[in-house]
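Undergrad: According to TrEMBL, the domain 'Nudix hydrolase' annotation covers B:8-125. TrEMBL lists B:147-206 with the feature domain 'NrtR DNA-binding winged helix'.
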């Protein structure tokens, strides 16, 4: 048997807030780096966690109260220098949530920081967060992934704005709508419109199979 | 500190052989499952390996003699039931090699098995191999990945046959060539042609930046 390796999970919890893609940071309770903001994370508990995904769900639930439906494995970070406690492996996950799921009122227990302007984080958490943002951007061109940053029903205009925020560039409306038609993951919500300044806008949602299939596809 | 978790790496080494996508299996030296064919794998050695990728390279080198240039992280498999020794994490990698790199002559130390008709393997190695094959297929539609199953220079006809073998379906020649033009990862090898039954065929290779960029992109 080899000498002991530290095995943890970390979660990049992404949301759109104030027009920017942000990630949830928590102040660390324990050493190392106690008191500093960092990605939510913790040890895998072999007696309690079925697998690393379950550990990530538990950590998120315990530390933020969130029960996130879509935790996707991002990458496993490892090595002898990333954690001062010793040789470590962190199985990293990411999740996309609409800001309303983060709860109303003052957020004593966590903060939101823009993924493109994060403070210096402990361990290799800057690298993990950057890789999650890049993954989201890479997948946005051909998937329904950004829909999870919206509430369950949304207008096509809101959806285009979300893609634009994630991709960091503006999209041509007609090209965007043709692409949506090809991808075929949306359906109109019956009899649901949003009243705006001009004419009412139809609300859409993910088709049930798109909602389920989204994260089951191999990345 | 939590109770000890077993931390290993496993490698799915894919190649095209006799017209099928195959993976390398090794007979296990040690318990559990001693003597049975399995994916090449082993413990991470914290005193020796810089990170999990380095561990995968070392394991592959020590057990097959192969020094593979392109090891890509596939997924991390974990849990309390996948290894009879206890709660375990395996960081899995995959690599694509041309069959000639597997060496000439009799292969006493390993065997090749078709990924779509593998025997029952120990641990969750069937699942790991299936996920590697699926990843390759998912990425083949929009990447140069299958080129690594060919020798460094190849004809467009050989390339199309390779994509067809990987994808398991025939491709229209004109559509395939237009897609290659869009992806723009090939260059002609100057003054290199392959003599065939009919007219000589130009040889192509990956552009240097495509060769380097291939696996640096976030998956």
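Placed from the backbone N, Cα and C atoms, the Cβ positions cover glycine too.
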Undergrad: Taking all residues of the domain 'Nudix hydrolase' (B:8-125) together, what is their mean pLDDT?
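TA: Residues in the domain 'Nudix hydrolase' (B:8-125) carry a mean pLDDT of 91 in this prediction.
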Undergrad: Mind tallying the domain 'Nudix hydrolase' (B:8-125) by DSSP state, helix then strand then coil?
TA: 21 helix, 45 strand, 52 coil
Undergrad: Determine how many residues of the domain 'NrtR DNA-binding winged helix' (B:147-206) DSSP places in helix, in strand and in coil.
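TA: Residue counts in helix, strand and coil order: 26 helix, 16 strand, 18 coil.
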